[in-house]
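Engineer: Mind having a look at this structure? Questions to follow.
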Amino acid sequence: MHFFQSSLVAATMGAALVAAAPAADLETRGSCTFTSTSALKSGKASCSTITLQNIAVPAGETLDLTGLKAGTTVVFDGTTTFGYKEWEGPLISASGTSITIKQNPGAKIDCDGARWWDGKGGNGGKKKPKFFSAHKLNKSNITGLKVYNTPVHGFSIQSDHLTIKDVLLDNSAGTKLGHNTDAFDVGSSTYITIDGATVYNQDDCLAVNSGEHITFTNGYCNGGHGLSIGSVGGRSNNVVNDVTISNSQVINSQNGARIKTVYGATGSVTGVKFQDISLKGITKYGIVVQQDYENGKPTGKPTNGVKVSDITFEKVTGTVTSSATDIYILCGSGSCTNWTWSGNSVTGGKKSSSCKNVPAGASC
């Protein structure tokens with residue numbers, strides 16, 4: 001048995017030391033329980049199962065789960081908390097191959113984002129740490145985490161063959177001052193599956209900026225900006241291909257199903273499917289495709305450098321508020337092609353008079 005503490009690393013046997021184990025971080029036959037970030041950092045490399053027990057992450061530090069040996073299982077236990085500092089984060093970072101990240105019953109990750117929320121998100125005010133960096137977390141699984149009140153962005157995903165299942169991200173306390181609390185931002189990734197997510201937030205529930213073979217299904221999105229592709233363009237990777245967003249609900253959000261591309265940029269959005277999406281209480285657009293984003297804002301002037309082709313909107317149904325627009329399609333000349341439009345019904349709002357270059361078969 002090994003006991004990891006900031007001032008002691010000992011290997012010994014005896015009943016007296018065994019009795020002291022609850023106060024220490026214990027590793028036995030590859031199973032390790034850590035109660036501090038310093039112990040985790042020094043001991044994680046030798047562990048096949050890591051339990052994180054009531055860890056209080058010091059201000060300005062990352063809970064470092066990078067470089068784990070292949071096949072490691074990480075288990076959050078109790079309540080994980082974070083000290084306050086204005087910095088970029090992330091609060092948690094994980095990488096490795098064939099990693100499983102999960103939690104014990106009753107556990108939660110409480111970011112206490114209200115300490116940072118000022119209504120400005122990432123656009124000014126306090127510098128806010130992002131929550132979870134899942135970069136190079138390949139052939140891995142994140143399952144059942146319950147996350148509360150991220151200061152700003154939630155999961156940043158740049159990985160291959162990563163499955164995220166039954167995750168709760170609850171920023172409902174940030175309705176007034178939370179901003180840019182995106183749940184899942186996906187970029188430069190392949191074979192990503194997000195299944196059964198429950199999200200309460202103030203920005204995109206899902207944003208796919210680049211990547212291929214991505215699935216978001218059985219999701220519930222409340223209070224944010226909806227299910228989004230983009231903005232696509234202006235990055236090092238400007239290709240989105242083979243994305244299926246299905247069997248999901250979008251409630252009390254700005255947008256329902258959205259594709260947005262950057263003004264004057266190049267790239268491609270192909271093989272994207274929105275299927276069986278239920279909308280309720282949408283305040284801006286039920287279905288929206290815009291090719292006019294510049295500096296994060298629409299210009300009303302679409303360009304055609306990003307091709308938006310082989311797109312399916314199927315059974316996107318529900319209601320928007322009376323001040324919202326049911327459907328808005330603003331494409332560049334010749335850039336939106338080969339769309340499938342079937343069984344869509346968005347009602348309750350206004351009909352747009354500003355649609356341009358609507359592809360054959362679609363309605364606006």
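Backbone N, Cα and C atoms are what each Cβ position is placed from, and that goes for glycine too.
Annotation source Swiss-Prot lists signal peptide at 1-20. The disulfide bond feature in Swiss-Prot is assigned to Cys32-Cys47, Cys205-Cys221, Cys331-Cys336, Cys355-Cys364. Per Swiss-Prot, N-linked glycosylation site is recorded for Asn138, Asn141, Asn338. The repeat 'PbH1 2' annotation in Swiss-Prot covers 189-210. Annotated active site, proton donor per Swiss-Prot: Asp203, in sequence order, evidence recorded as sequence analysis. For 211-231, the entry in Swiss-Prot reads repeat 'PbH1 3'. Feature annotation from Swiss-Prot assigns active site to His225; the stated evidence is sequence analysis. If you look up Swiss-Prot, you'll see 269-291 marked as repeat 'PbH1 5'. Among the features that Swiss-Prot reports, repeat 'PbH1 6' is placed at 303-324.
Give me the local environment of each listed feature.
Structural biologist: Counting only residues at least six positions away in the same chain, the Cβ atoms of Gly96, Thr97, Ser159, Asp160, His161, Leu162 sit under 8 Å from the Cβ of Asn138 (N-linked glycosylation site).
According to DSSP, Asn141 (N-linked glycosylation site) sits within a strand segment. Taking Cβ-Cβ distances under 8 Å and a sequence gap of 6 or more within the same chain, the neighbours of Asn141 (N-linked glycosylation site) are Ile99, Thr100, Ile101, Lys102, Leu162, Thr163, Ile164, Lys165.
Here the repeat 'PbH1 2' (189-210) has, by DSSP, the following mix of helix, strand and coil residues: 0 helix, 15 strand, 7 coil.
Within its own chain, Asp203 (active site, proton donor) has Gly121, His153, His179, Asn180, Thr181, Asp182, Ala183, Gly224, His225 as residues 6 or more apart in sequence whose C-beta sits under 8 angstroms from its own.
A simple way to gauge crowding: the CB of Cys205 (disulfide bond) has 32 other CB atoms within 10 angstroms, across all the protein chains here.
Cβ atoms under 8 Å from those of the repeat 'PbH1 3' (211-231) belong to residues 171-172, 175, 181-184, 186-205, 237, 239-262, 269, 272, 274, 277, 282, 293, 296 of the same chain, restricted to positions at least 6 beyond its ends.
Cβ neighbour count for His225 (active site) (all protein chains, 10 Å cutoff from its Cβ): 24. In the three-state DSSP reading, His225 (active site) counts as coil.
With a cut-off of 8 Å between Cβ atoms, the residues of this chain six or more beyond the repeat 'PbH1 5' (269-291) that come close are 226-227, 229-230, 232, 240-261, 263, 298, 302-304, 306-321, 323-332, 335-336, 344, 346, 349.
Residues in the repeat 'PbH1 6' (303-324) partition by DSSP class (helix H, G, I; strand E, B; coil) as 0 helix, 13 strand, 9 coil.
The Cβ of Cys336 (disulfide bond) lies under 8 Å from the Cβ of Val289, Gln291, Val308, Ser309, Ile311, Ile329, Asn357, Val358, Pro359, each of these being in the same chain and 6 or more residues away along the sequence. DSSP classifies Cys336 (disulfide bond) as strand under the three-state reduction.
Within 10 Å of the C-beta of Asn338 (N-linked glycosylation site) we count 13 further C-beta atoms, all protein chains included.
The Cβ of Cys355 (disulfide bond) has Ile327, Tyr328, Ile329, Leu330, Cys364 as same-chain neighbours under 8 Å, each 6 or more residues away in sequence.
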Engineer: Under 8 Å Cβ to Cβ from Cys221 (disulfide bond), same chain, six or more residues apart: give me those in sequence order, or none if nothing qualifies.
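Structural biologist: Listed in sequence order: Ala183, Ala197, Val199, Asn201, Cys205, Leu206, Leu227, Ser248, Gln249, Val250, Ile251, Ser253.
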Engineer: Measuring Cα to Cα, how many angstrom lie between Cys47 (disulfide bond) and Asn338 (N-linked glycosylation site)?
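Structural biologist: Taking the Cα atoms only, Cys47 (disulfide bond) lies 51 Å from Asn338 (N-linked glycosylation site).
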Engineer: Taking the disulfide-bonded residues one at a time (Cys32, Cys47, Cys331, Cys364), which has its Cβ surrounded by the most other Cβ atoms within 10 Å?
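Structural biologist: When each Cβ's neighbours within 10 Å are tallied, Cys331 tops the list.
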Engineer: Could you put numbers on the helix, strand and coil content of the repeat 'PbH1 5' (269-291), residue by residue per DSSP?
Structural biologist: 0 helix, 21 strand, 2 coil
Engineer: Roughly how many Å separate the Cα of Cys32 (disulfide bond) from that of Asn338 (N-linked glycosylation site), to the nearest whole number?
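Structural biologist: Cys32 (disulfide bond) to Asn338 (N-linked glycosylation site), Cα-Cα distance: 54 Å.
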